[in-house]
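Asker: Shown below is the structure under consideration.
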Amino acid sequence: MAKAAAHTLSSPLLSDKATGLALTPVSSETEARLDRYVALLLEWQIKTNLVAPSTLPNLWTRHVSDSLQLLSLVPSAKTWVDLGSGGGFPGVVLACALAETPGANVHLVERNAKKAAFLREAVRVTSASATVHLAGIGDIVDRIGSRVDCVTARALAPLHQLVGFAEPFVSSGAKALFLKGQDVEAELTEATKYWNIQPRLHSSRTGGHGWIVELDRIERRNPSAITHGDRA
Ligand SMILES: C[S@@+](CC[C@H](N)C(=O)[O-])C[C@H]1O[C@@H](n2cnc3c(N)ncnc32)[C@H](O)[C@@H]1O
């Protein structure tokens, strides 16, 4: 019974879906893939914590649209890497949206085996363009190998760590897009102690206090330029 209820979009969730798709419109093919993904997530969420339970009534705006908004920042990107994909945000959503794009692929990097199993199932039921890597971030740079157009992360780590994770990809020509919350200014201040970056900030289209940090260049700062008191 509980499982059957999980498959049926409740009225608030249907209304949230309409709001979300008005913010970030998609083709009917992509909408059908996203419907299958959301149904699977609600089914697995009963046993596995994929998103904070308090955010479930706003799944489409808080998670799906939050992910979809990245596409317009790099419309020509085909090869994506999503670090710490968890329940699939933004990676699976991007892969659903890119499923009709020839040559597109999203690498989903997740070290938790249960979440990686969910990601594999999500890719299967949606026929999305994605490859799941059950691995730590430090181990996948060589494995992914091919030229990457965009590296993403959401709710993974403080910005100064994300910049370090993304650096090998950005050094090879990728753009980095990090979904961040209201503390973005403080995180940027911390990150610039260790990295030379010129961030571009975009306020989230989904409202709230969210920001997208866009980076095209990352260089490690000369360690001698950091005063002793600044060192982590
Ligand atoms: C808080 S969740 C966020 C998941 C998703 N990005 C989202 O926004 O809903 C962070 C995820 O990153 C994964 N993770 C953390 N450190 C990692 C690492 N070094 N390598 C791979 N995955 C990692 C965790 O297992 C977890 O699933």
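In case you wondered, yes, glycine gets a Cβ from its N, Cα and C as well.
Keep in mind it's a predicted model, so treat the numbers as computed, not measured.
Copied straight from TrEMBL:
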BINDING   Gly84, Phe89, Arg154  S-adenosyl-L-methionine binding site
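Can you walk me through where each of these features ends up in the structure?
Answerer: Here Gly84 (S-adenosyl-L-methionine binding site) comes close to Val109, Glu110, Arg111, Ile137, Ala153, Arg154, Ala155, Leu156, Ala157: these same-chain residues lie at least six apart in sequence, with C-beta atoms under 8 angstroms from its C-beta.
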Asker: Using the Cβ centroid of Gly84, Phe89, Arg154 as the reference point for the S-adenosyl-L-methionine site, which residues of the same chain not in that list have Cβ within 8 Å?
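Answerer: Neighbours within 8 Å of the Cβ centroid, excluding Gly84, Phe89, Arg154: Asp82, Leu83, Ser85, Gly86, Pro90, Gly91, Thr152, Ala153, Ala155, Leu156, Leu179.
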Asker: Check the DSSP secondary structure of Arg154 (S-adenosyl-L-methionine binding site), expressed as helix, strand or coil.
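Answerer: Looking at the DSSP assignment, Arg154 (S-adenosyl-L-methionine binding site) belongs to a strand.
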Asker: Let me know the largest Cα to Cα distance in Å among the S-adenosyl-L-methionine-binding residues Gly84, Phe89, Arg154, as an integer.
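Answerer: About 9 Å separates the two most distant Cα atoms.
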